[in-house]
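These come from TrEMBL:
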type	residues	note
BINDING	A:Arg25, A:Glu83, A:Arg123, A:Lys429	(6S)-5-formyl-5,6,7,8-tetrahydrofolate binding site
DOMAIN	A:217-356	domain 'TrmE-type G'
BINDING	A:227-232, A:246-252, A:271-274	GTP binding site
BINDING	A:Asn227, A:Thr246, A:Ile248, A:Thr251	K(+) binding site
BINDING	A:Ser231, A:Thr252	Mg(2+) binding site
Amino acid sequence: MALGAGDTIVALSSGRPPAAIAVVRTSGPRASALAQQVAGSLPPARQATLRRLIDPTDGNIIDDALVIRFAGPHSATGEDVVEYQCHGGRATVDALIAVLVRESGVRLAEPGEFTRRALANGRLDLTEAEGLADLLAAETDLQRRSAMVRAGGGLRVRLDRWREQLLSLSARAEVAIDYADEEDGSLDNDLSGALGDLSTEIRMLAESPRVEPLRDGIRVVLAGPPNAGKSSLLNALVQAERAIVTPIAGTTRDVIEVPVSISGIPFVLVDTAGLHESDDEVEAIGIARARQETSSADILLWLGAAEATPVHERLIVLLPKSDIPRDEASNHALPVSSHTGQGIPELSTKLVGLALKLLPRKDEIALVRRERDLLAEASDALARAASLTDPVLVAEELRVARTAIDRIAGRAGVEDLLDTLFGRFCLGK
Amino acid sequence: MFDVLVIGGGHAGCEAACAAARRGARTVLVTYRSDDLGQMSCNPSIGGVGKGHLVREVDAMGGIMAIAADRAAIHRRMLNASKGSAVRGPRVQADRRAYRLAIQSLVAASGVEVMEGEVSSLRFSGTGVDGVELSDGLFVSARTVIVTTGTFLAATMFRGDERWAGGRQGSNAANRLGAQVRELGLAQGRLKTGTPPRLDGRTIDWAATQPQPSDGVAWNMALAGNDAPLPQLACAITRTNVRSHEVIRRGLESSPLFSGSIEGRGPRYCPSIEDKVHRFGERDGHQVFLEPEGINDHLVYPNGISTSLARDVQQDLVRSIVGLERAEIVQFGYAVEYEFADPRRLDASLQHRDVPGLYFAGQINGTTGYEEASAQGLVAGLNAAAESIGLVAAHFDRGESYIGVMVDDLTLQGVTEPYRMLTARSEYRLYLRADNAVTRLGPMAIELGTLRGPQETLVRSHLEGKAKASAALAQLVSGEQLGVADKARKPLFEWVRRDDLMDSVRSMLPSSPAVDEAIDDAVYAPYLHRQRVELAVRQRDRETAIPGDFDFASVPGMSTEMQERFIAASPADLDQASRIAGVTPAALSALHFALARRAA
């Protein structure tokens, strides 16, 4: 989470897609150059200009968007800022952000980083920031406490134990360095077993359920060839005419997301364009997005041929249009018919069953992404340490792991604090 | 009128005086006995892991400790030689007499005036210091004063039931000065240290011990090298045994440590033998290093059995050890309890925050060790000179040197036990290496003008060599040129990270310390990069300065406990504030915005 101040940062600064319009904001020294690459030429400052956004690496069209450029220091952050107002589908937004952050020196903004840059560059009224700070300081503390008391203090107990273990492993590595000439300095230099075990243990928590699915809904992506009946199935599941359902292959050109609650569990059903090669340019973009959606699915519903089934951790293979008689039958596929409603209750049950595995149980620790990332960082450092022999490098990796664990508990320095503090500001404000 | 007056002729005092003189300040050093300058009052060794790093850094700044250590070295040992270069620690055993003479000749050559006398009090004018008064009534006026009185402040010595006043044996205690330091609100508390009995080497059965020869490779502490090395002696190892521990347990009732006479806290990393036996009761033995004190000296320092037990117990203890069955004790061990001044009252130049011109360096600040003392002396000397004759201050950053780590730790965190340098104290250990001290600090030394002619030439030539070596490592070479089936052309500094190619890369480059250093840089590069990113992050917090007159009590929403922590530590910037132990995120955010408001 260390921030290089010279980086150009990117974030979605409007609400969570899908929405009619999404605003993606970039700020930093590379912002203008990026706009030139993606939008073809640099629009005049402070004028909303319609541009076709193109992925510079393959020439694919991302979207048509309004591009507005603010030259620093007269911008919200005091740096060069470029805003892209594009269509608000998740796939469009994701594609644009993916293209932007691919450039070197460009990365996703940390929470609140725009605000922080504004403050650093004197663009934010300090009295205003201070007014917010009282509130924020309280909130930060509350958030920290809430993280600590989550699941009856289960997280804190584990973090404290790991911290102890890390300190004791560090001590064993350090003694070999600072007391090399003494007996104790030459004792048990082989920490790799203990390091590996701890890495695995931390990894297991890092891979435990996230809070986000609970908050944002579990993403169920319907995928399959054109006209496989994805939109009809989606409609049957929502029991509402949300997607355009026509018998012409290739109607759903963009990705459609529909939030729905099944047995009280929040889902987001995602209808993708049919997966096949297409000459139609717009549809081609839709297909590219569909592939992307498939990979980001929490649960994947496959409506295509059994032999073309994609690999996915949580996959339900369906035999759609089961009301239409046909020759081949799959043993594993669940027959469903949007028309007759056959198989829909079974599908719902299956979805709920898979969802329950994704969501935290009542007594289980749920982590936000930041915590998971830090745990993964600690686990990675320990895994590396386990493979090293130079005690100095082992100790260094242990230090990295310790710092990561400390950051979760809010024990670390001002930077981390400010990340948390400013993280309370709305992203991209 | 002197520019800089140094009280004390120990390791901190000598280094401080020479550093001040190098910057051009008219400097006087006041000591009881000029013969005692450079006296090693405890073990006769200089350097080690962490400590050796400090010595090399002091040397890179033009200091005297490394040169004296080389001249007096009778045994060399590169600790951690088999481990990563970042933690290799050069250590020498020094001939006690040769070391003292070397220091005295270096001080004499530096232009420092040495005055014999006892400082009875500091004198002030207005808010600042303006000189000192000696016990014979003489007043010596000075723009700045550096106090380096070590354990001499209100020190008490203990051995069994014996008690006597005085710091080092045979010297007067600076009790009057101590009272004044206390009046100034500087006294913090008491610490404890100790020393082992000294043995007559002629009475040791060396054949029964395990010899420890000096390193085969003749390296030096100082960049300048040494053209008249002394012959090298071996040390030896023996160990205590169950019988020794019985002797100690029986003698504990006479121990001032266990009877409660000594309240001061001793160092955990350098415990007395009675402490070790008490705390690690299950051990059947502890190592004892037999270190010769000099070439023409029969004294042997048995490192590892520091003790304040009664004389007869010490005698029995020594005689219970293999090889020492007939050993004669020349001088018995003892413990010292002494007062120290709270280093949190000092700023990064080791100047007292509230008394301009008054500096503190060395053991009085709660540290232990010659090297720690010398490094602080350097900081205080360079800065006192700067203060009195209007030069640029010397700031040592914790990201750039162990000197910086120590000064930051002391002035920010204070001490609860005698502070010893350990490499674990640095977050940037892979960069702060003993072998690159000149690269790290040389440019600053040149800029501040702290090097004498020949030393500056050496530093410049090392920096040039290093630049050349780095450039050589940047050349693109294919794997095939290095003898592996890889056509890819990559810079040598990438290839050298492969263990199997280290030798081939080395063979393509000349052999020099600068090349070794550049290779180490390359090997550690991925880690160094990560540490540089961390440093850059910290840098931003460092830019948010906390003014000296900042009123922590006025920060809205901060608890009294947090206010007290900040006030005690007096952080100079937000980065320091964030590293104070026990400070909560909420308190830091309140501080951050109070500072922002003040700056607005």
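Just so it is clear, glycine is given a Cβ too, placed from its N, Cα and C backbone atoms.
It is A:Ser231 that, of the binding-site residues A:Asn227, A:Ser231, has its Cβ surrounded by the most other Cβ atoms within 10 Å.
A:Asn227 (GTP binding site) and A:Arg25 ((6S)-5-formyl-5,6,7,8-tetrahydrofolate binding site) have their C-alpha atoms 37 Å apart, to the nearest angstrom. Taking each Cβ in turn and tallying the other Cβ atoms within 10 Å, the top scorer among the binding-site residues A:Arg25, A:Glu83, A:Lys230 is A:Lys230. A gap of 33 Å separates the Cα atoms of A:Glu83 ((6S)-5-formyl-5,6,7,8-tetrahydrofolate binding site) and A:Ser231 (Mg(2+) binding site).
Across the residues of the domain 'TrmE-type G' (A:217-356), the predicted structure has a mean pLDDT of 73.
A:Ser231 (Mg(2+) binding site) sits 32 Å from A:Arg25 ((6S)-5-formyl-5,6,7,8-tetrahydrofolate binding site), taking the C-alpha atoms as the reference points. Look at A:Asn227 (GTP binding site): DSSP puts it in coil.
Between the CA atoms of A:Lys230 (GTP binding site) and A:Arg25 ((6S)-5-formyl-5,6,7,8-tetrahydrofolate binding site) there is a gap of 34 Å.
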